[in-house]
C-alpha cells in the first residue's frame, strides 16, 4: 500500500464529502451524506475515518491511492451494484445470476444487515439455505456409508454393515437382492390377500364357514415372517431407535405386521368361548382388513412414490382450495336441486343432506344414476353443477403437477450435487495425501543428503 497523504483533510478523505471506490475494476463515486444513512456500514466508516490512522484504512479496504483518492476492493462488482441500492432505496434486491449465499457474504463484508433484503429475496435465500442443508445431509449420509471401517468396535461395524444391508439398496449386491426380495414379498402378500377372498378358492372349516385356502395361509405366513425379520433387523441396526420407531414409514410397517400376530393369538391362543363372542369376531375381521396397509410399504422402495407424497404435501394449499370449491358447490347445488325437485310427485330428493350425495357424484362427473333430477329446472341445475365441478377439479391440477416436477428435478439436482461434493472431497483428500507423501519423500532425501555430507566430512 502506498503512503497516505495526510495533508489533504483533517477529518475525512474528501472535503466535498464524497469518495471514489474501485470494486473489481469498476469505479464508483459515492457521496458521504448518502453513505451516512447507514453509519455502521463499511463505506460510512470509510468516509468518516481520519486520514492519519492508516491501520484503520488498511482494515477497511484492500488498497488506497492517495493521488487519485480512490479505494480499491477486490469484491464482486455485480453484487456491489445491488448493495449500493440500500443507501438510496432502503432495501436490497438480489438480481438474477447472483448466488444468494455469496451475496450474504458480500453483505456481511459491507456490514449491511440482512433485514434490508426484499421479502421475495428472503424467501429465495431461505429456499437456497434449505437446499444447502439437504445437500449437507446427503453428503453426511454418503460419508457415513464410506466410513464403515472407521467404527471403533466390532459391534459397531456389524451394526453399520447391517444397516447398509437393510436400508441402502445401492450400497452392495446383497443389499440390492434384499430390497428386491422385500419388494416381491409385498406384492405377493397383496396378491394373496386379494385372491384369498375369491369364494371358489376358499375351503369350508369344521363349522361350515368359508375360510382361506391352507396354501394361501402358508404363503401369507411366510411373507409375514419375512416382514417381521426385516423390521427387527432394521430396528436392531438403527443408530437411533426412537427416531426409527416414530418414523411414518416404520409405523406403517409395524401396523402392517401387528394384525397378523393379534389375529394369530386370538385364533389359536384364545378359548372357544371367547372366539364365539361377536365383538371378538368383528375385531378379527377388522384386523384382517388392516393387512391392506402392507401396500404402503412399497413407498419405502420407490423413490417415485416418495416424490409423489412430498409433492402432495407441498400442494396442500391447492388441495385445500379444491375442497373448499367443491364444498361450496355441493352445498349450493344440492340445496337448489332439493328446492327445484319438490314440485315433482316422484322426486328422489327427500332432503338436502340426501342431495349432498347427488351433488358429489355429479360435480365429480361420476353419475351412478341412483338419484337424478326429473324436472326441467333440476336438469339445468345438474348441467351447471357438473360443468362447475369439471372447472373446479381442473384448476388446481396444473400447480400440483408443477410441484411434482419441480420437486422431482430438485431431488435429482441435490443428489448430483451431493455426489459431486463427495468427489471433490475425495479429490482434495487425495491431493493432501499426495502432498504429504511427497513431503515425506523430500524430507527423507534431505536426511540422506545430510547424512552423506556428514560422512564425507568425517572422512
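Start at 1 and count along the chain as shown; that gives each residue its number.
Glycine residues also receive a Cβ, built from the backbone N, Cα and C atoms like all the rest.
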Of the residue ranges 173-198, 199-224, 277-302, which one carries the transmembrane segment annotation in TrEMBL?
173-198
Pick from 143-164, 319-340, 407-428: which range has transmembrane segment per TrEMBL?
319-340
From the ranges 112-131, 352-371, grab the one TrEMBL calls transmembrane segment.
352-371
Between 74-101, 242-269, which stretch does TrEMBL give the note transmembrane segment?
242-269
For the transmembrane segment (352-371): best-contacting stretch of 173-198, 242-269, 319-340, 383-401, by Cβ pairs under 8 Å:
319-340
Summarise the domain 'Potassium channel tetramerisation-type BTB' (19-120) as counts of helix, strand and coil residues per DSSP.
44 helix, 20 strand, 38 coil
Per-region confidence, the domain 'Potassium channel tetramerisation-type BTB' (19-120) (mean pLDDT, whole number):
83
